[in-house]
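Colleague: Okay, so Swiss-Prot annotates it like this:
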type	residues	note
TOPO_DOM	1-9	topological domain 'Intravirion'
TOPO_DOM	31-469	topological domain 'Virion surface'
REGION	36-88	region 'Hypervariable stalk region'
CARBOHYD	ASN61	N-linked glycosylation site
CARBOHYD	ASN69	N-linked glycosylation site
CARBOHYD	ASN70	N-linked glycosylation site
CARBOHYD	ASN86	N-linked glycosylation site
REGION	91-469	region 'Head of neuraminidase'
CARBOHYD	ASN146	N-linked glycosylation site
CARBOHYD	ASN200	N-linked glycosylation site
CARBOHYD	ASN234	N-linked glycosylation site
BINDING	ASP293, GLY297, ASP324	Ca(2+) binding site
REGION	323-350	region 'Disordered'
CARBOHYD	ASN402	N-linked glycosylation site
Amino acid sequence: MNPNQKIITIGSVSLTIATVCFLMQIAILVTTVTLHFRQYECDSPANNQVMPCEPTIIERNITEIVYLNNTTIEKEICPKLVEYRNWSKPQCKITGFAPFSKDNSIRLSAGGDIWVTREPYVSCDPGKCYQFALGQGTTLDNKHSNDTIHDRIPHRTLLMNELGVPFHLGTRQVCIAWSSSSCHDGKAWLHVCVTGDDKNATASFIYDGRLVDSIGSWSQNILRTQESECVCINGTCTVVMTDGSASGRADTRILFIEEGKIVHISPLSGSAQHVEECSCYPRYPGVRCICRDNWKGSNRPVVDINVEDYSIDSSYVCSGLVGDTPRNNDRSSNSNCRNPNNERGNHGVKGWAFDDGNDVWMGRTISKDLRSGYETFKVIGGWSTPNSKSQINRQVIVDSDNRSGYSGIFSVEGKSCINRCFYVELIRGREQETRVWWTSNSIVVFCGTSGTYGTGSWPDGADINLMPI
């Protein structure tokens, strides 16, 4: 090859390499610009339309680093959109309940600064469970704890902690309340907080940390709500509220709330005569509540809520083994599914039950007269057959020698089904334990299991003689 041919060949190769490098630089530039603009867009699986990432609530923010020819490109991966909960999965099949959590608040109060509380409950967001209670504006080892047996004072606030964390001095006070309910719609927490004068109380609706709506007393007689979790389906949350006599006719209404705003109010309808302190759970596409009849019945009222058309129906749990306290003994107690049984109906205690086909799972105090002990069991035909009394799978949660109190339900969504859990309030102090001047509680929590389980008793466990007076 002569010198001229060499020069031409080298020049051609150099030109080819230069062209390839130029095209690569253009490709890198186009890729960089494309990825820069695409980080603010993501595909919506619902309708295949491009949706902006920035205004959506995200669960996680992942940055993926891509290396191209010594050029670093940061690509933001659009996260999964947070959606409203719809609770459409089936209810888990269970054989009974297994221990889940216990906060030991009273025992810890003997040597630490723990809030005086009552009316506890549990509710979960999509990732974590929390315990709530109504604080008395004081810790136990504090003279302000004297005479905290009273339910309604302006210093009471709703407390919120991660489940299993006692209400210490650093606990968040969510709102002012002597009656409350809380639930998570999949995007944010809703808190319903009642406080004020007995004859003119106010319910505040706090959503995502902001007060959005309110409603005043409609019967001027202690406006009150569930003292356990409300339920949200597809962005609509339902809460049962009562205003009126605690031992006679009262005005119960079901409020429908969307992102903290009241969108509809339905009156109670059906055959229930008195409804208070409902324990509610999702029963897709609606909500079902098991409540307290403080007037006529020791059998528990059932309230069925249609979230789509706002209609309400009510009845009573069919089981002849009734759930309220006080009550008749099991041999003489009755329930016909439709009406209060007129058996020791005046007074009562918050409780829970839930349907399982034609059967019913329920919890109640072991004592038929006092808030002592706690048991759970399943009643065959207890949801569909009047006065059914065939009991199976009984468990003792708190032995009969120890105090209990309110109890309620909460639901946890798993990968394939919705599990039912319950808590029991373990009251200590006045009125029964007169050595001390305070009244407070701890809690124990159980959840449904499809496995096997053993036996035991999980009382509060504090020695009252070691407690501050």
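All positions are counted from 1 along the displayed chain.
Each Cβ is built from the backbone N, Cα and C atoms, and glycine gets one as well.
Keep in mind it's a predicted model, so treat the numbers as computed, not measured.
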Colleague: For the glycosylation sites listed here (ASN200, ASN402), which one has the lowest count of neighbouring CB atoms within 10 Å of its own CB?
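Modeller: Each of the glycosylation sites ASN200, ASN402 was scored; lowest Cβ tally within 10 Å is ASN200.
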Colleague: When DSSP states are folded down to helix, strand and coil, where does ASN200 (N-linked glycosylation site) land?
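Modeller: In three-state terms, ASN200 (N-linked glycosylation site) counts as strand.
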Colleague: Check the binding-site residues ASP293, ASP324 for other C-beta atoms within 10 angstroms of each C-beta and report the one with the most.
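Modeller: Top count of Cβ atoms within 10 Å goes to ASP324.
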Colleague: Restricting to the same chain and to sequence separations of six or more, state which residues have a Cβ under 8 Å from that of ASN234 (N-linked glycosylation site).
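Modeller: Expected: TYR84, ARG85, ASN86, VAL307.
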Colleague: Applying the rule Cβ within 8 Å of the centroid of the Cβ atoms of ASP293, GLY297, ASP324, what extra residues of the same chain belong around the Ca(2+) site?
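Modeller: Sorted by sequence, the hits are HIS274, ARG292, ASN294, TRP295, LYS296, SER298, ASN299, ARG300, PRO301, TYR316, VAL322, PRO340, ASN341, GLY345, GLY348.
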Colleague: Got a sec? Which of these glycosylation sites, ASN86, ASN146, has the most Cβ atoms within 10 Å?
Modeller: ASN86
Colleague: Of all the recorded positions given, namely ASN200, ASP293, GLY297, ASP324, ASN402, which is spatially nearest to ASN146 (N-linked glycosylation site) at the Cα level?
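Modeller: Closest recorded candidate to ASN146 (N-linked glycosylation site) by Cα: ASN402.
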Colleague: For ASN402 (N-linked glycosylation site), identify the closest of the binding-site residues ASP293, GLY297, ASP324, judging by Cα separation.
Modeller: ASP324
Colleague: Can you tell me the CA-to-CA distance separating ASP324 (Ca(2+) binding site) and ASN200 (N-linked glycosylation site), as a whole number of Å?
Modeller: 29
Colleague: What is the interatomic distance between the Cα atoms of ASN200 (N-linked glycosylation site) and ASP293 (Ca(2+) binding site), given in whole Å?
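Modeller: Counting only the Cα atoms, the answer is 23 Å.
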Colleague: Which chain-mates of GLY297 (Ca(2+) binding site) that are at least 6 residues away have a CB under 8 A from its CB, listed by sequence?
Modeller: GLN273, HIS274, TYR316, VAL322, ASP324, ASN339, PRO340, ASN341, ASN342, GLU343, GLY345
Colleague: Quick one: mean pLDDT on the region 'Head of neuraminidase' (91-469)?
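Modeller: It averages 97.
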